[in-house]
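Trainee: Take a look at this one; I'll ask things after.
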Amino acid sequence: MKLKEVDRTAMQAWSPAQNHPIYLATGTSAQQLDATFSTNASLEIFELDLSDPSLDMKSCATFSSSHRYHKLIWGPYKMDSKGDVSGVLIAGGENGNIILYDPSKIIAGDKEVVIAQNDKHTGPVRALDVNIFQTNLVASGANESEIYIWDLNNFATPMTPGAKTQPPEDISCIAWNRQVQHILASASPSGRATVWDLRKNEPIIKVSDHSNRMHCSGLAWHPDVATQMVLASEDDRLPVIQMWDLRFASSPLRVLENHARGILAIAWSMADPELLLSCGKDAKILCSNPNTGEVLYELPTNTQWCFDIQWCPRNPAVLSAASFDGRISVYSIMGGSTDGLRQKQVDKLSSSFGNLDPFGTGQPLPPLQIPQQTAQHSIVLPLKKPPKWIRRPVGASFSFGGKLVTFENVRMPSHQGAEQQQQQHHVFISQVVTEKEFLSRSDQLQQAVQSQGFINYCQKKIDASQTEFEKNVWSFLKVNFEDDSRGKYLELLGYRKEDLGKKIALALNKVDGANVALKDSDQVAQSDGEESPAAEEQLLGEHIKEEKEESEFLPSSGGTFNISVSGDIDGLITQALLTGNFESAVDLCLHDNRMADAIILAIAGGQELLARTQKKYFAKSQSKITRLITAVVMKNWKEIVESCDLKNWREALAAVLTYAKPDEFSALCDLLGTRLENEGDSLLQTQACLCYICAGNVEKLVACWTKAQDGSHPLSLQDLIEKVVILRKAVQLTQAMDTSTVGVLLAAKMSQYANLLAAQGSIAAALAFLPDNTNQPNIMQLRDRLCRAQGEPVAGHESPKIPYEKQQLPKGRPGPVAGHHQMPRVQTQQYYPHGENPPPPGFIMHGNVNPNAAGQLPTSPGHMHTQVPPYPQPQPYQPAQPYPFGTGGSAMYRPQQPVAPPTSNAYPNTPYISSASSYTGQSQLYAAQHQASSPTSSPATSFPPPPSSGASFQHGGPGAPPSSSAYALPPGTTGTLPAASELPASQRTGPQNGWNDPPALNRVPKKKKMPENFMPPVPITSPIMNPLGDPQSQMLQQQPSAPVPLSSQSSFPQPHLPGGQPFHGVQQPLGQTGMPPSFSKPNIEGAPGAPIGNTFQHVQSLPTKKITKKPIPDEHLILKTTFEDLIQRCLSSATDPQTKRKLDDASKRLEFLYDKLREQTLSPTITSGLHNIARSIETRNYSEGLTMHTHIVSTSNFSETSAFMPVLKVVLTQANKLGV
């Protein structure tokens, strides 16, 4: 592709690679005249600015010269480290002179720009080259076999490489070797090339073509291989490029014959040895691979010959060519588009002439109209293979399982010599392990699980614990695997039996030292109201109780006693006891604060009296431990857990461990843990983990630990998984609970842990820790990837089912001809990943389908089955009679029941619509969700199941199986149904069609009151309801009825059958075509299975009222403006009719979005995302818009966006494709 051009008949030279910016020097060419026949000569320097889109190059300086040039080169001699304009321009003149110029002075505008000049040569100097190893050495060639080596440090006295070759001849080209600094080659028009060794000052080899027709016009050394070079021939009889290897100089190594006429110049890229430029008399510039002879690129040039061609040293993709038409052109081999250049030429022409007639009439002309080039785009393709400088020498990529895949291109020396190198491609796959401690601890956990050595594992963790809390956690976990776990829990809480016995014994010794003795029962009853004997007995134990009983009852074993029946309290109690009235006696004792007597009498009075007495006692007693005693006696442990101060959580947990029954133990521990977790104190929140360990609640332990600990590091996750695995094993062994059920949070943590293990290369361990009985899609996909990465099924693990179904979609083809026998399709299962809901009824799952494939036929919901037969079972449907459309109520049509397969054609004269995919059923998993409840169910609740991905959705059609879903409105149908876009968003139901599907007839599923003059339909008397009809009926059916104007935003496109067959809609039976608009279909309500007549009685319906739409709020009006403008731009750029149909349908279906904006029913998140999409459209960043679209769909409610987001994606995709 052409980048720049300079109108000069001149020789050219690029600035050295170290120089920035890039300059191009031009010197007036000798023996050539421009169009002005000027004899003046000049030396100019131009700057290459690729950021400027114009073709003109900026001229930096011009120096008027008295010389015209045969050769011009720019050497890097005296180039400073900063890359400033320096070096030296070396020019070969007409009269054997070599002139050295200072380019920095030329650009600065100085007059004294000549560094040195020498006229030692005889005749014009046509060959010049700079040694790339010693930049002060310059080789030159002229007539009479003159070759000089110039030292720029001592320019006055050149040296020769050796004796002149005989016979004397002109030196047409000269070149230094690119690998060996003392090797020089020269060539002459006779076809002979001589290789010189400057150390020996003699030629070492001569290369010549045996045909003697090789007129050498170009010479170039291989950039990498020191012994290879190419020679170009300008003879039209032999327009070839010969590649020679000096080790086999008897014949050319390879001959390139891509030019039709003689070659004038060649240039070998220093950046890529596989790119060789050549230009010839056939007006072609070719870029070839000299190793294979293949033409990789042909530059788009004009019909003029090019006599010089050069690569840019700094930018390897840029080259320049000087042609005989007086122009130097700059090209890029990376391709591009020339549309901009053509438009610039048109603009230049238009700006020159203006709006006046260029032929002198003086009349103004209309603006210049450029014909639209719709089919042809001037795209210039790049090279067939990537050049070396953009090919990566090395590369790396991580793959699943922690594997690192690297490649490198290694050059190895060949067997023929050390200089010859061959490129080898190596690919290495290595395992990358970054978390060694994480893997080590994971292995220890696996060994503990496999060996069942949980106690030893927990003890190691206790010994290695660095915090007291960590030590307590592992101690609690260890107790689960020991005997008497509750007693061990109490010891961990600080309640050891031995220590408690010592404390009690010490307390008893203090009591004995004070000589406090209990002498009789009255003293016991009246000793202390607060600290009752019952509480003391509870604390001192059975041994003290027995001693008390002996001390109380032994003194009263003999003698007589008085039974007093006086009027005091004792007398009343005596009378109540003598009459057996225990309840009154207890009440008297409680009244007299004789608590012990009351409780002892209540025991004699029965359990009910004892319970009431205990409650009254606890109500009167107000000691510090009364509530604890109450809970112990009444066995109300929930009261302790719910009401205790959380600072005493250890005491509450100890009480639960001591007294709670096994069936309520876990719930009480959970309750206490929940209280601790909800407390604001972080220390108490962490202690909740101990309660959950006692309860064996793994899910809550995960939640609490995640909240309390930092989980960003892999080792933090390892800490949690260790505790979870050990606790699950403990619960499984001790509590006989089902641990296979995994909660959502635990499944997420286990999945994250398995991902980390897989990333470190532990595939088997990742599979072992991954939950088995969960239906979460991400876990199912991870298990599938792990099994595939392992390469073989794991022992004890069933190979997981692929969480998606592979389908081979047949290419679209025309449907069968009408009248051909078609077997009905059998329902096929569609698999949805576990945990995901199927698409709602009628939603189109867009896929990569053939646009020519016909729409898919829906299956009647009344005939759905949850069991699918393994083989197709033909059950042809009898064709149903066509039915009319109208407004009001549900459709009167009911699907026909399947009948036995007939012996004749099941579809007489009925065309069948084929589909790109055979979806007619649904998965057993979701079949029950879509079964129709009764034949009278409304269309809004009786949609067919969703088609599989890649299938279209066709409503109705000739020969389609009956369906109770909504039907497309055929042309010419009468009625006053309001447009779908005029209805509020909340009233629109029904399936969302594909872009090329007939729109569904939206109905509100309401039962309307039947009119009084309604006539029931005639029962069905024939299995086929007028399939053909009489001629009069057909003539009436073809007459269109008076159409009722609908909203322009809800026009119904006419569908087409495959193969270009038009779809004429569903024809109406006789007598229904010319029906006035006031008539509509009645809603027939009846018992399931009631017969339906073959004629339909129409009754007058209520007149419909047109709904006036609200205006779109001002803050959202930009959305409609932006989306409609984008669709119009796409329509103007689209050339494919199918694409235009997509965009037309998208424009209509975006009305759903505008209605929701009018009603303001969209959530703020969705509206904000839509505004972001609109901003990306304004900046034409459609990729960002598609990313935002995916984010909105994945994070929002599906019911809010299903009506318009799919078509918005279609518009963005088409805009990105069309580049509007």
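In case you wondered, yes, glycine gets a Cβ from its N, Cα and C as well.
Keep in mind the model is a prediction, meaning the values are calculated, not measured.
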Trainee: Which one of THR936, THR1135, THR1161 gets the tag phosphothreonine in Swiss-Prot?
Mentor: THR1161
Trainee: Test of record reading: of SER15, SER799, SER1022, which one does Swiss-Prot tag as phosphoserine?
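Mentor: Per Swiss-Prot, the residue annotated as phosphoserine is SER799.
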Trainee: To which residue among SER860, SER938, SER1163 does Swiss-Prot attach the annotation phosphoserine?
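Mentor: My reading of Swiss-Prot gives SER1163.
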Trainee: According to Swiss-Prot, ubiquitin cross-link sits on which of LYS71, LYS488, LYS497, LYS647?
Mentor: LYS647
Trainee: Taking the region 'Interaction with SEC13' (161-471) alone, what is its mean pLDDT?
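Mentor: Taking every residue of the region 'Interaction with SEC13' (161-471) together, the mean pLDDT is 83.
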